[in-house]
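Database features, via TrEMBL:
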| type | residues | note |
| --- | --- | --- |
| BINDING | Cys93, His96, Cys164 | Zn(2+) binding site |
| DOMAIN | 30-199 | domain 'GTP cyclohydrolase I' |
Amino acid sequence: MPDAGPDTPVDARVAGGPATERDLVAAELAAGELLTALGLPVDAPSVRATPGRLVRALAEMITPGEFTATTFPNDEGYTELVLQTGIPFRSLCEHHMLAFSGTAHVGYLPGERIVGLSKLARLVQHHAARPQVQERLTQQIGAWLDENLNARGVGVVLSAEHSCMSLRGVRVSGTRTVTSAWFGALREEPRERDAFLTLAGLG
Ligand SMILES: Nc1nc2c(ncn2[C@@H]2O[C@H](COP(=O)(O)OP(=O)(O)OP(=O)(O)O)[C@@H](O)[C@H]2O)c(=O)[nH]1
Ligand SMILES: [Zn+2]
């Protein structure tokens, strides 16, 4: 996108699909073996399809969607923050392969171009659809916008509950992990960052 002039709509294609080749048949066989080894045989009629369901459920969680990040010329010369708050997302903790879910606040200070609003949510969902740690997910969303939008600044705040902490292990429910990533003026200028946090209801 950086080469485009202000009058040309730009469609940055964000590729979806699995990052590496998948063998769902082998995965289903292995899932059956895993459950059996755990003392949960899958030969009863009610659970015969469970290995396949488990594989499809996991595969769905780790398949990023494809989309086009459409941008438009910033004809009005809008220079203030564009902020999308409370974008729901779910991802998969790469340590336990259990879900973490919460909300994302994504904002940017426009330069010559503005991005289609829905694309901020698509971008969050895209990067969340793979095994992740929350810190990396936060950074990847912000870095993509920083690299592709030529914005004056980019900010991302994620707040999530990790089921590997709430349902098992330490078993603390209700606690949230909050992470943030800042680029450009939102990193350099406390006033801009404070405006983001206030408008997101976090200030
Ligand atoms: N930094 C970070 N840690 C995470 C994230 N998701 C899960 N974890 C942590 O990854 C760590 C893995 O620790 P281990 O000691 O290897 O695994 P464990 O024995 O299952 O640990 P417990 O969860 O404490 O029972 C745990 O502390 C998790 O809470 C994440 O997004 N970011
Ligand atoms: Zn975990």
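Counting starts with 1 at the first residue shown.
Just so it is clear, glycine is given a Cβ too, placed from its N, Cα and C backbone atoms.
No curator has checked TrEMBL annotations; they are predicted automatically.
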Cβ-based neighbourhood (8 Å from the centroid) of the Zn(2+) site, residues Cys93, His96, Cys164 excluded:
Leu92, Glu94, His95, Met97, Leu98, Phe100, His162, Ser163, Met165
Could you give the mean pLDDT over the domain 'GTP cyclohydrolase I' (30-199), rounded to a whole number?
97
Taking DSSP as the reference, which of helix, strand or coil describes His96 (Zn(2+) binding site)?
coil
Around His96 (Zn(2+) binding site), how many other CB atoms lie within 10 A of its CB?
16
Let me know how many other Cβ atoms fall within 10 Å of the Cβ of Cys164 (Zn(2+) binding site).
16
If you run the three-state DSSP split on Cys164 (Zn(2+) binding site), which class comes out?
helix
Let me know how many other Cβ atoms fall within 10 Å of the Cβ of Cys93 (Zn(2+) binding site).
18
